[in-house]
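Engineer: Feature table excerpt (Swiss-Prot):
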ACT_SITE  Glu86  active site, proton acceptor
BINDING   Gly9, Ala10, Met11, Asn12, Ser13, Gly14, Lys15, Thr16, Asp85, Glu86, Cys87, Gln88  ATP binding site
BINDING   Cys143, Cys146, Cys180, His183  Zn(2+) binding site
Amino acid sequence: MAQLFFKYGAMNSGKTIEILKVAHNYEEQDKPVVLMTSGLDTRDGVGKVSSRIGLRRDAIPIFEETNVFDLINDLSYKPFCVLVDECQFLNKHHVIEFARIVDELDIPVMAFGLKNDFRNELFEGSKYLLLYADKLEELKTICWFCHKKATMNLHYIDGNPVYEGDQVQIGGNEAYYPVCRKHYFHPKTVNEEQ
């Protein structure tokens, strides 16, 4: 029976590497998958899933108006799995449509993304995945400044932490760091020694 999975973690926890690994494992067995990502993620181009270690694949971009249920239902083949990167940028209706893909089409959906933003608030997509997912899995990484588990994302501008601003700000290692709770509230500057 198909399930809706939400695999979340702080920045730099290997979410994109994991999604690309899952896609590879299915496809190596001649089991087609559909790889999707938020159309808001433009770091390496719209419709690209790119890891920090250089792995990259094309994906179907999801925009505000995209009906993902209809998109998957209208395919000429039935994929073995739907894989979604940057799912924190999804809207409530996207998450419900992914749940329908699982329940009505019996296709597993694995969604990968951040749980909380740099203000330590839930993203809309993450909020509804936490509510509707059948399985939750935390992908772990360590704090940029110590050895504890990172559960939060710290945003830096010009080497200084920032706690206010628009929720959606696309950036990579240069702007966001995985941190533990202690270093979220009492951060070091990014130039300080670990």
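Cβ atoms are placed via backbone N, Cα and C, with glycine included.
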Engineer: Please determine which of the binding-site residues listed here (Cys87, Cys143, Cys146) has the lowest count of neighbouring CB atoms within 10 Å.
Structural biologist: Cys146
Engineer: Of the binding-site residues Met11, Ser13, Asp85, which one sits closest to His183 (Zn(2+) binding site) when you measure Cα to Cα?
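Structural biologist: With Cα distances computed to His183 (Zn(2+) binding site), the winner among Met11, Ser13, Asp85 is Met11.
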Engineer: Counting other Cβ atoms within 10 Å, pick out the least crowded of the binding-site residues Met11, Cys180.
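Structural biologist: If we count Cβ atoms within 10 Å for the binding-site residues Met11, Cys180, the smallest count is at Cys180.
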Engineer: Among all the protein chains here, how many other CB atoms are within 10 A of the CB of Ser13 (ATP binding site)?
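Structural biologist: Other Cβ atoms within 10 Å of Ser13 (ATP binding site): 22.
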Engineer: Around the Zn(2+) site formed by Cys143, Cys146, Cys180, His183, which additional residues qualify by having Cβ within 8 Å of the site's Cβ center?
Structural biologist: Ile142, Trp144, Phe145, His147, Lys148, Ala150, Val179, Arg181, Lys182, Tyr184
Engineer: Rounded to a whole angstrom, what is the largest C-alpha distance between any two of the residues Gly9, Ala10, Met11, Asn12, Ser13, Gly14, Lys15, Thr16, Asp85, Glu86, Cys87, Gln88 that the record assigns to ATP?
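Structural biologist: Looking at Gly9, Ala10, Met11, Asn12, Ser13, Gly14, Lys15, Thr16, Asp85, Glu86, Cys87, Gln88 as a set, their Cα atoms extend up to 15 Å apart.
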Engineer: Which of the recorded positions Met11, Asp85, Glu86 has its Cα closest in space to the Cα of Cys146 (Zn(2+) binding site)?
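Structural biologist: For Cys146 (Zn(2+) binding site), the closest Cα among Met11, Asp85, Glu86 is found at Met11.
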Engineer: With a 10 Å radius around each C-beta, find which of these binding-site residues (Lys15, His183) has the fewest other C-beta atoms nearby.
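Structural biologist: Each of the binding-site residues Lys15, His183 was scored by Cβ atoms within 10 Å; lowest is His183.
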Engineer: Between Gly9, Asp85, Glu86, which of the recorded positions has its C-beta surrounded by the fewest other C-beta atoms within 10 Å?
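Structural biologist: Among the recorded positions Gly9, Asp85, Glu86, the lowest count of other Cβ atoms within 10 Å belongs to Gly9.
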Engineer: Run through Glu86, Cys143, Cys180 for me and report the recorded positions whose CA is within 10 Å of the CA of Lys15 (ATP binding site), in sequence order.
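Structural biologist: Among Glu86, Cys143, Cys180, the ones whose Cα sits within 10 Å of that of Lys15 (ATP binding site) are Glu86.
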Engineer: Compute the C-alpha separation of Ser13 (ATP binding site) from Cys180 (Zn(2+) binding site), stating it in Å without decimals.
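Structural biologist: Cα to Cα, Ser13 (ATP binding site) and Cys180 (Zn(2+) binding site) are separated by 13 Å.
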Engineer: In the three-state scheme derived from DSSP, which category covers Cys87 (ATP binding site)?
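Structural biologist: Cys87 (ATP binding site) sits in a helix per DSSP.
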